[in-house]
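Undergrad: First the structure, which I've put down as structure tokens, then a few questions once you've had a look.
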């Protein structure tokens, strides 16, 4: 069944443009509240958000919907996505909501939903919500005496800070480390520097002055250049770049080099395997992860299980097959011993623990493998189905034949933006570049002809 509202990470779009309108947000509140209004106890929902200007609008619309459906609402304010997942469980809420478009610009926003167990909702539940959204939603409203209440909750941000601190092994402190952190002017602008400082680090912070429109603006995990500059300026030992809702992380080593999610997963998997705490015999990643990671793990006797793109699918595979490390090249790192979704700060602490215990530099710890040449380009689309065009299909088949057994090709529509992503990797960088450029040209032509 086709999905009408939900993408790979909730509902997302440009603010005040369908589907990111106050009307739909209120309807989502009613629909979700109706589905989770089970049993005779008083039902509750927790709502967090990042620092986007439109967060105020969507927050109030969701509150109207949930209270109209008979749920009490706890408003957490600006707080990371993994904190919402954690507090949904901790506060025994029926549902958790994060208002965020993650790494997207401020003009976008989104609604992510978590079940009472702290995990993102299944495809089946999202389809059930979509079905309700297209019906007479107002027939589901609570009786007058059962309308919910809403209140702002103070102090839960500190509960999350304490949770994060407990994920660092007790025999490790961060004393002696100078850490530069970029909070992307987003949800972690308070919690991340506080947690690192309380663990003993000297902390230099950028991207911690949100104004509603500067989230992810030339900062954060998708724009690490500002962090690289600051790291050199203050001679930090490590740089940590979070995204707008802090569920992904990118590291910058002491030389100013980028360490992506694939390398971070390699570090954690290698460390946990040595400690006999790695489960599943390997890790879970998506089709976008580098072939070099797969080869590195294979040399260690570990496996790489691949899923389609989206951390929710990584988590689903982890749960079904008893893995405890998974993630994405983009920096979503899921460590199920600690949480139910990607947590940039928790992942960074695992790397810092390895650095402190080994006495090595960040570059020595984090350069686990040589990435296979990989190139990713995006083709923006406004409609049509260029991937069903016969000429495009033939070009894809030719590209796969050219790579043969020496590389991989991944072509997929983005689940969060109107893009088609074209990725190829292989040992021959010139061949990879030609394949990607040729395919981008063919898809662009098919798009124009549609």
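Numbering starts at 1 and runs along the chain as it is shown here.
Glycine too: its Cβ is placed from the backbone N, Cα and C atoms.
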Undergrad: So Swiss-Prot lists 243, 245, 247 for Mg(2+); which of 90, 102, 107, 382 goes with them?
TA: 102
Undergrad: Looking at Cβ-Cβ distances, which residues of the chain lie under 8 angstroms from residue 247 (Mg(2+) binding site) while being 6 or more apart from it?
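TA: Listed in sequence order: 80, 81, 82, 102, 311, 332, 341, 342, 343, 344.
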Undergrad: Starting from the Cβ centroid of 102, 243, 245, 247, which together make up the recorded Mg(2+) site, report each further residue of the same chain whose Cβ lies within 8 Å of that point, ordered by sequence.
TA: 50, 80, 81, 100, 103, 186, 187, 242, 244, 246, 248, 342, 344
Undergrad: Take the Cβ of residue 243 (Mg(2+) binding site) and count every other Cβ within 10 Å, whichever protein chain it belongs to.
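TA: So the number of other Cβ atoms within 10 Å of residue 243 (Mg(2+) binding site) is 34.
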Undergrad: Based on DSSP, name the secondary structure state of residue 245 (Mg(2+) binding site): helix, strand or coil.
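TA: The three-state answer is coil.
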Undergrad: Cβ-Cβ under 8 Å from residue 245 (Mg(2+) binding site), same chain, 6 or more residues apart: which ones?
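TA: Counting only residues 6 or more apart in sequence, the Cβ neighbours of residue 245 (Mg(2+) binding site) under 8 Å are 50, 80, 81, 98, 100, 102, 186, 187.
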